[in-house]
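**Student:** Below are the structure tokens for one structure; questions will follow.
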């Protein structure tokens, strides 16, 4: 019986969506490697991060099948993360950029899976769709703790808050091995698909036989759902053919193209091209006037001005009410604070103000105090930005996603529970100046050493009252055989003790104690 050879048939598609100006997603699909990265950081930073990580993984597609798949994936991911760190060092303006990553390395009947962030991997097997990755997000922690249901997480306002990503800082991705079977279909997707499209609708699209048509349909569904974010998908079938595809597919930022679908280049045009045609209500154009319009009277002009003033005032009041009901966590004067309003300014006026400040007790118990409050709990100190680990510090500096006051307090508690640096150790106690250190064992057991504090040396010759040159230590007088000569005072040499490790640096690997 001939041995069954399993290979991949795959398709990849990417679209910048209907809201974003550029595509920060990058995707690679090849005979052995399927990889998807969703960049973040704004402007060009996100697409730079996703390109660096995909470039670091691409060589795995050329390797011979076999060996330790997870070790290969782990090494490639660390190389990509190091590339991000090096890029940030060369261009400090890119600080805070990062990317998610979900990738599969295929080798016959087994595959390795690496995951970090909120992109997703799905498996369709025997008609059942299963999510094979776990979101590294704030709302997923709420689901794990039983505070919200998975259905509530799907529409939670903080669902985009990522807790782990590749940002150039040390991080451990999730690595798993899986069995591959003929007939399996795998889907890798960015949150541009999983946020606006339900799992049930994704399942329907994945049941389309051809992988290219299935991928195209998934992009359409995301755009019909509003296309709020870049959307990228990889659809791959495990088949038992003698040969599979060999030409790799690049899409998204790494390919230099924002879109792969042949859609109009405007958001409205692309939206109308994929949406169902709606009935157009025809309007009869007004007939042209056959007489000259009279000039507006002063009373009518005054009425219009008054109406515009009322509308503008109402708009300002409504806008002010909306702004005052919005809260987010950000850095204010070096402290992790809950801000009220929205980020930015209008006509030189700030649209936000500090509302609550985080306060930590020596046992890391979090409380909130009002901004400007003269006193809080006696044993608490303000939660500083430098108390956080570097990845969360960068997110807070940029401002976490806004929502209600309860949402912001929940984010603050999550930071205090999981994102603080360890406390710096207390400084070692030292002897007060002027007080001699306690004698060593060798000094206390020397029988004939004088204990006078005025004597600089324990030897008799060094304390001779005459003004002659002190005797050489090796030529001690034979009259005192019970006291062997000592060439120097008996002290412990600093070179004999091991050097202590460098102390932890506050704000880098520890936080200052309260």
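Quick reminder: no glycine exception, Cβ is built from N, Cα and C everywhere.
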**Student:** From 303-323, 324-344, 345-365, which range did Swiss-Prot mark with transmembrane segment?
**Tutor:** 303-323
**Student:** Of 93, 144, 184, 191, which does Swiss-Prot put in the Mn(2+) 3 site with 118, 160?
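**Tutor:** Checking 93, 144, 184, 191 against Swiss-Prot: the Mn(2+) 3 site match is 191.
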**Student:** Which of 136, 229, 237, 240 shares the Mn(2+) 2 site with 38, 191 per Swiss-Prot?
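**Tutor:** That Mn(2+) 2 site, as Swiss-Prot gives it, pairs 38, 191 with 229.
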**Student:** Would you list the other residues of this chain near Mn(2+) 3 - those whose C-beta lies within 8 angstroms of the C-beta centroid of 118, 160, 191 - in sequence order?
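**Tutor:** The surrounding set, listed in chain order, is 38, 100, 117, 119, 135, 137, 159, 162, 190, 194, 195, 229.
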**Student:** Taking just the CA atoms, what is the gap between residue 118 (Mn(2+) 3 binding site) and residue 38 (Mn(2+) 1 binding site) in Å?
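**Tutor:** Checking the Cα atoms of residue 118 (Mn(2+) 3 binding site) and residue 38 (Mn(2+) 1 binding site) gives a distance of 9 Å.
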**Student:** In this predicted model, what is the average pLDDT of the domain 'PPM-type phosphatase' (9-238)?
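**Tutor:** It averages 93.
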**Student:** Express the distance between the Cα positions of residue 38 (Mn(2+) 1 binding site) and residue 160 (Mn(2+) 3 binding site) as a whole number of Å.
**Tutor:** 12
**Student:** Could you tell me which three-state DSSP class residue 38 (Mn(2+) 1 binding site) falls into?
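**Tutor:** For residue 38 (Mn(2+) 1 binding site) - judged by DSSP and reduced to three states - the answer is strand.
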